[in-house]
Amino acid sequence: MYTSHEDIGYDLEDDRKAKNKKTLKPHPDIDGGWAWMMVLSSFFVHILIMGSQMALGVLNVEWLEEFHQSRGLTAWVSSLSMGITLIVGPFIGLFINTCGCRQTAIIGGLVNSLGWVLSAYAANVQSLFITFGVAAGLGSGMAYLPAVVMVGRYFQKRRALAQGLSTTGTGFGTFLMTVLLKYLCAEYGWRNAMFIQGALSLNLCVCGALMRPLSPEKLENCPEAEEPCALPAYSTESVKSGGPLGMAEEQDRRPGNEEMVCDLQTQECQGQTHPRKNVCAFRVLKTVSQLTVQVRRGFRDWHSGYFGTASLFTNRMFVAFIFWALFAYSSFVIPFIHLPEIVSLYNLSEQNDTFPLTSIIAILHIFGKVILGAVADLPCISVWNVFLIANFTLVLSIFLLPLMHTYASLAVICALIGFSSGYFSLMPVVTEDLVGTEHLANAYGIIICANGISALLGPPFAGWIFDITQKYDFSFYICGLLYMVGILFLLIQPCIQMIDQSRRKCIEGAHV
């Protein structure tokens, strides 16, 4: 397992907080109880967001017929939606720090639904860029990141399996949404299909409502300190998880903020002899002051995570992981966007209608996430090794796909793509091992942002290459080569770890 979260520079206050954290009792909902509701909530979020996006190849064909634009331009609609969902990750981290996961996810569900509904009235591809690409993509990002982060907070053991089970929603969603969108487009047209999908997306608000923050526990034998029971934000062992307003004054002890809250508390107590309307006014002011404290604290935590003394970018292994994410995701997204048209070019539409190739990817994707997650949790198996093997299998499949021209051979390659891409369930686990639980929200936001850039540029690039060559072969070859570059960055990480271990041994030998 990684120990590289030690590479991040913490100050002395963080070290003291880490010592205090050891005295905490295990939270009853960690690894059990409501934790499994987090898995269920995240599962449905993946169905509604990632599943719908992986089924956009159906709508891509409809948009080509409706607007008569080039494949490269039309592919930007799907790419914008997928890309923005992931690119906004670091900024959604600010919302999570300030408002909590529950509120962020609920707002995201509303914005995503609005984007789908407005897209039903689009007059051209450029309109879809705004309504579907930007609006629906932003809403998806606001609901997606909290779903991943909350599972990470609620699980300490079996994290890989929990993330694997929750992210299988992508596979189920791809299968279900592909069938659903095909049926809706055939029966009602693509515009009404998007309107109906917008209504379904409101269920993201229900999923967000289930993201209950970890409740504070009464602690015994808490060491005396200037800051009683001070705990780091965003730890699964922290008493603060979703950022309730009532905890704001306890967790921000800066002199100015403390004075503001204390003064208002004193005024409220003195106001008991005042008319009721004065008491209500003091309570409103107190709530506003607590909200101000919370926003300041959330922004400070978010800013320090990226640019402060605890910057994630001081972790060399994490930086190498970011470079991998920049190249990898497009190789997974491109088949979903362009496979329906590839099948049409090969005159395999009849067989594909019986059992779509994207559904094969989706089904094997489900098994891949669960199996790879379970294997990675075995004590004798390294998560890193499982992650690397799956990556090599996926890039090999991408290289082989253009060579297949029959339905059976394409089905085999799609099965390999689906199963090996199950490593996505390991990404939060690997990220958490690299930076620690406290920095998971910010760190995973950066990783999915890098994935988003890859998803944003990949499909339009493949469509542009097709417009020039009238073949998708070169698109897959080039994306496969870029993926190999990303894997080379992954291989840098073990080398860095070996160098660090040798340095430690040399230092220890010198002291002896």
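Start at 1 and count along the chain as shown; that gives each residue its number.
Cβ coordinates come from backbone N, Cα and C, glycine included.
Taken from Swiss-Prot as is:
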TOPO_DOM  1-29  topological domain 'Cytoplasmic'
TRANSMEM  30-50  transmembrane segment
TRANSMEM  76-96  transmembrane segment
TRANSMEM  105-125  transmembrane segment
TRANSMEM  129-149  transmembrane segment
TRANSMEM  161-181  transmembrane segment
TRANSMEM  193-211  transmembrane segment
TRANSMEM  317-337  transmembrane segment
TRANSMEM  355-375  transmembrane segment
TRANSMEM  381-401  transmembrane segment
TRANSMEM  410-430  transmembrane segment
TRANSMEM  446-466  transmembrane segment
TRANSMEM  476-496  transmembrane segment
TOPO_DOM  497-512  topological domain 'Cytoplasmic'
### Query
Any chance the transmembrane segment (381-401) and the transmembrane segment (317-337) are in contact, meaning at least three CB pairs closer than 8 A with a sequence separation of 6+?
yes
### Query
Quick one: do the transmembrane segment (476-496) and the transmembrane segment (317-337) reach 3+ CB pairs under 8 Å, ignoring pairs fewer than 6 apart in sequence?
yes
### Message
Under 8 Å for C-beta pairs, could you tell me which stretch among 30-50, 129-149, 161-181, 355-375, 446-466 has the largest tally with the transmembrane segment (410-430)?
### Response
355-375
### Contact call for the transmembrane segment (76-96) and the transmembrane segment (129-149): at least 3 Cβ pairs under 8 Å, seq gap 6+
yes
#### Entry: Intrachain residues whose Cβ lies under 8 Å of the transmembrane segment (161-181), provided they are six or more past its termini
35, 38-39, 42-52, 54-55, 57-59, 147-148, 151-152, 154-155, 193, 197, 336, 356, 358-359, 361-370, 372-374, 377, 418, 422, 424-426, 428-429
### Query
To the transmembrane segment (446-466), which of 105-125, 129-149, 193-211, 317-337, 355-375 is linked by the most Cβ pairs under 8 Å?
317-337
### Task
Would you confirm whether the transmembrane segment (193-211) and the transmembrane segment (105-125) meet the contact rule of 3 or more C-beta pairs below 8 angstroms, pairs 6 or more apart in sequence?
yes
### Task
Give me the mean pLDDT over the topological domain 'Cytoplasmic' (1-29), rounded to a whole number.
46
### Query
So which residues does the transmembrane segment (30-50) touch in its own chain, when a touch means Cβ under 8 Å and the partner is 6 or more beyond its ends?
85, 105, 112, 140, 143-144, 147-148, 150-151, 153-158, 162, 165-170, 172-174, 176-177, 200-201, 203-204, 206-208, 210-212, 214, 236-237
### Query
Apart from its near flanks, which chain residues at least 6 from the ends of the transmembrane segment (105-125) lie with a Cβ under 8 angstroms of it?
45, 49, 63, 67, 69, 73-74, 76-77, 95, 131-132, 134-144, 146-147, 191-192, 194-195, 197-199, 201-209, 211
### Cβ-Cβ under 8 Å with the transmembrane segment (317-337): same-chain residues at least 6 beyond its ends
2, 4, 7, 54-57, 60, 75, 78-79, 82, 86, 174, 358, 361, 391, 394-395, 398, 401, 414, 417, 421, 424, 430-431, 434-435, 443, 446-448, 450-455, 457-459, 461-462, 475-476, 479-480, 482-483, 485-487, 489-490, 492-493, 496-497
### Summary
Summed over the topological domain 'Cytoplasmic' (497-512), the DSSP helix, strand and coil counts are 15 helix, 0 strand, 1 coil
### Message
Counting only residues 6 or more past its boundaries, what in the same chain has a CB within less than 8 Å of a CB in the transmembrane segment (355-375)?
### Response
51, 54-55, 57, 160-165, 167-168, 170-175, 178-179, 335-336, 339-340, 343, 381, 386, 390, 407, 410-411, 414-426
